[in-house]
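*Asks:* Handing you a structure now.
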Ligand SMILES: C[S@@+](CC[C@H](N)C(=O)[O-])C[C@H]1O[C@@H](n2cnc3c(N)ncnc32)[C@H](O)[C@@H]1O
Ligand SMILES: Nc1nc2[nH]cc(C(=O)O)c2c(=O)[nH]1
Ligand code: SF4
Ligand SMILES: [Mg+2]
């Protein structure tokens with residue numbers, strides 16, 4: 001039986017970011033990432049600090065029901081990079097659809113999986129310079145074309161920390177102008193305790209100001225991480 005490395009299952013909560021912000025959903029967070037973003041808010045998925053549990057798709061479903069009962073019809077798969085997992089993930093998606101559940105995915109666009117075309121709400125989040133990661137533009141272009149050709153409901157989401165990141169987002173927008181682009185306010189210290197909302201709202205105000213003044217960004221969406229505004233850097237929300 002194939003198994004998925006699961007770091008956490010939580011919800012119901014709301015999707016805090018991007019194209020389906022506000023949508024009630026559960027989360028399944030997988031372990032392991034091929035990136036090492038400087039400001040990653042989910043480092044525990046790849047820094048060796050926590051051990052994943054190897055769960056079958058049926059066991060993941062059981063955990064979703066244990067946490068959410070009948071109070072959900074949407075599950076978001078995040079990580080880590082869930083695209084590192086092939087067959088067991090395809091099985092989980094089929095199982096969720098069999099239960100009438102819509103499925104979202106959060107991934108950075110570095111690895112393709114054929115099961116992407118089964119996803120109902122797919123977010124590709126290329127990483128700007130502040131992350132310290134490099135973008136494979138040609139590889140990303142192949143991915144965007146495949147998703148478009150298959151009619152997948154997807155978008156691009158770039159976290160923005162500074163003006164250099166905004167330049168990167170302009171390039172993303174120029175390269176794929178037909179794909180909805182979400183700019184997400186970067187959270188520079190995801191380990192900070194307490195109420196970080198005032199600080200993040202100030203950064204949101206800065207980002208909105210930049211976008212409204214820029215004719216190259218007429219079609220973008222600007223958003224905060226809503227869950228971070230509501231609950232700070234708490235885990236499992
Ligand atoms: C933790 S990642 C997991 C999925 C996948 N690895 C990815 O990066 O898209 C989920 C989303 O959180 C965003 N994110 C991670 N750390 C962040 C931070 N400190 N501030 C804002 N967004 C962050 C990522 O850019 C990504 O869009
Ligand atoms: N509420 C909530 N929304 C989210 N959107 C993307 C998240 C993620 O970590 O992938 C996330 C998360 O961890 N919580
Ligand atoms: S790609 Fe996503 S999970 Fe991986 S390090 Fe970057 S933000 Fe974290
Ligand atoms: Mg998160």
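Glycine too: its Cβ is placed from the backbone N, Cα and C atoms.
Annotation comment: TrEMBL describes 14, 15, 16, 29, 78 as substrate binding site. What TrEMBL lists as domain 'Radical SAM core' is 20-233. TrEMBL lists 33, 37, 40 with the feature [4Fe-4S] cluster binding site. Taken from TrEMBL, the feature S-adenosyl-L-methionine binding site covers 39, 40, 41, 80, 125, 126, 127. Residues or ranges marked as Mg(2+) binding site in TrEMBL: 42.
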*Asks:* Could you state the CA-to-CA distance between residue 41 (S-adenosyl-L-methionine binding site) and residue 78 (substrate binding site) to the nearest Å?
*Replies:* 12
*Asks:* Which of these binding-site residues (15, 16, 78, 125) have a C-beta closer than 6 Å to some atom of ligand 2?
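*Replies:* By the Cβ criterion, which requires under 6 Å to ligand 2, the hits are 15, 16, 78.
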*Asks:* Other Cβ atoms within 10 Å is the metric here; tell me which of the binding-site residues 14, 33, 37, 40 scores highest.
*Replies:* 33
*Asks:* What binding-site residues among 16, 40, 41 have a C-beta sitting less than 6 Å from any atom of ligand 1?
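*Replies:* Checked binding-site residues vs ligand 1; flagged 40, 41.
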*Asks:* Summarise the model confidence on the domain 'Radical SAM core' (20-233) as a single mean pLDDT, whole number.
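*Replies:* Mean pLDDT across the domain 'Radical SAM core' (20-233) comes out at 98.
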*Asks:* Under 8 Å Cβ to Cβ from residue 39 (S-adenosyl-L-methionine binding site), same chain, six or more residues apart: give me those in sequence order, or none if nothing qualifies.
*Replies:* 130, 131, 159, 161, 186, 187, 188, 190
*Asks:* Which ones in the same chain are close to residue 29 (substrate binding site), with CB under 8 Å and 6+ residues apart in sequence?
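*Replies:* In sequence order, the residues whose Cβ lies under 8 Å from that of residue 29 (substrate binding site) (at least 6 apart) are 6, 7, 8, 9, 10, 42, 45, 78, 79, 80.
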*Asks:* Could you tell me the C-alpha distance between residue 125 (S-adenosyl-L-methionine binding site) and residue 37 ([4Fe-4S] cluster binding site) in angstrom, no decimals?
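*Replies:* If we compare the Cα positions of residue 125 (S-adenosyl-L-methionine binding site) and residue 37 ([4Fe-4S] cluster binding site), the gap is 12 Å.
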*Asks:* Filtering 37, 40, 41, 78 (binding-site residues) by proximity to ligand 3: which pass a Cβ cutoff of under 6 Å to any of its atoms?
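*Replies:* What lies within reach of ligand 3, judged by Cβ under 6 Å, is 37, 40.
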*Asks:* Give the distance between the Cα atoms of residue 14 (substrate binding site) and residue 127 (S-adenosyl-L-methionine binding site), rounded to the nearest whole Å.
*Replies:* 23
*Asks:* Considering only the binding-site residues 16, 126, 127, which residue has the minimal Cα-Cα separation from residue 37 ([4Fe-4S] cluster binding site)?
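*Replies:* Closest recorded candidate to residue 37 ([4Fe-4S] cluster binding site) by Cα: 127.
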*Asks:* Where ligand 4 binds, which of the binding-site residues 15, 41, 78, 125 are close by, with Cβ under 6 Å?
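*Replies:* The qualifying binding-site residues are 41.
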*Asks:* Going by DSSP, is residue 39 (S-adenosyl-L-methionine binding site) sitting in a helix, a strand, or coil?
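*Replies:* In the DSSP reduction, residue 39 (S-adenosyl-L-methionine binding site) maps to coil.
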